[in-house]
């Protein structure tokens with residue numbers, strides 16, 4: 001059954017346009033509450049945690065959701081602005097029925113969204129989301145006054161999460177002598193991430209820590225690393241750490257201003273665990289993970305498999321394989337031996353631990369990995385065009401793949417949101433990659 005409201009990462013859209021409107025949010029809270037109470041044990045009181053990022057619309061959506069949950073007889077614990085992975089952690093640690101995050105991650109402030117975590121700190125299953133959607137078809141009601149849900153504020157939510165993050169860093173190590181610039185994207189980590197690194201001994205220079213409700217991800221954070229690069233150079237810092245608006249993505253910068261994306265950091269995490277004798281089995285990347293990273297990880301003597309783009313699919317394949325480490329170039333990095341979901345702060349701590357234990361810089365940890373140039377062309381499509389049925393196009397794709405052999409990779413996929421065909425070619429030569437990509441793209445009939 002196809003879902004009507006839930007996408008790959010919850011429900012998301014522009015504030016003020018359906019479904020990101022108060023009336024629907026109240027219905028959503030009520031529907032989710034009804035599903036939770038149906039699954040609860042007899043006489044068990046359901047309680048959910050609601051966290052949010054720093055968007056001004058968070059207040060509006062939080063109040064609407066709270067009303068819906070209360071009407072369904074579910075207690076609500078409010079923790080204010082906190083990273084998405086912080087909600088996952090607290091939901092599990094406090095033995096709650098579910099966690100709710102109000103955030104649109106790396107999107108601009110005009111957007112917002114809702115996603116749910118299970119009692120175990122995992123993203124909700126498709127079946128649970130379908131059950132919520134089915135309940136949304138019913139009219140909203142209200143339990144008796146005696147059964148109404150109550151609202152509480154969890155005042156020490158940030159402190160609890162900070163301590164959890166610190167607990168994932170090896171106890172025999174510290175960050176003394178390290179000068180870090182931390183960019184929190186004017187988002188949810190503005191009052192958590194700097195404290196984590198400072199309390200572990202680092203000298204911390206913070207940017208992107210002045211949220212006003214409208215400046216989240218605005219020229220800062222993991223999706224706009226230029227500000228971090230400039231600050232690292234200006235301060236003569238050893239390293240820069242950039243998170244996105246809800247702090248589940250990570251990008252890092254070394255002292256020279258070189259940017260390291262999620263692909264490269266994924267290799268660092270995998271190699272460090274292998275060097276420490278940990279049994280990994282393998283690593284999960286995505287369809288877009290650079291071929292050089294795949295080759296380097298396989299060179300460690302472990303497996304490598306690709307999931308569809310999106311941290312949800314990486315997590316699904318990790319669980320399917322029973323593996324621990326996965327991620328994607330955008331900076332979603334999963335360390336399931338540390339947390340149940342992707343966490344930018346915790347991933348940064350794991351990279352810092354690898355640097356400390358090896359007494360090497362990030363560049364030195366990656367000096368044997370040469371990232372392949374990757375060319376991505378977006379070609380506009382006619383509405384009726386089916387590229388998979390185009391014999392001429394597919395013949396050229398096959399020819400390019402044969403020419404590249406094992407020294408390159410071709411990926412063709414239609415955009416899920418726009419009338420575009422994405423043509424990606426990567427190989428050791430940028431010129432070869434560009435020519436190969438053009439030879440395919442030029443055969444696509446455009447409007």
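The backbone N, Cα and C atoms fix where each Cβ goes, glycine too.
Source: prediction; values computed, not measured.
Just one of 97, 105, 384, 389 is listed by Swiss-Prot for the same Mg(2+) site as 244, 246, 248, and that one is 105. Within 8 Å of the Cβ centroid of the Mg(2+) site, not counting the listed residues 105, 244, 246, 248, the chain contributes 53, 83, 84, 103, 106, 187, 188, 243, 245, 247, 249, 344. A gap of 7 Å separates the Cα atoms of residue 244 (Mg(2+) binding site) and residue 105 (phosphoserine). Counting every protein chain shown, 32 other Cβ atoms lie within 10 Å of the Cβ of residue 248 (Mg(2+) binding site).
Just so you know, of the recorded positions 105, 244, 246, the Cβ with the fewest other Cβ atoms around it within 10 Å is the one at 105.
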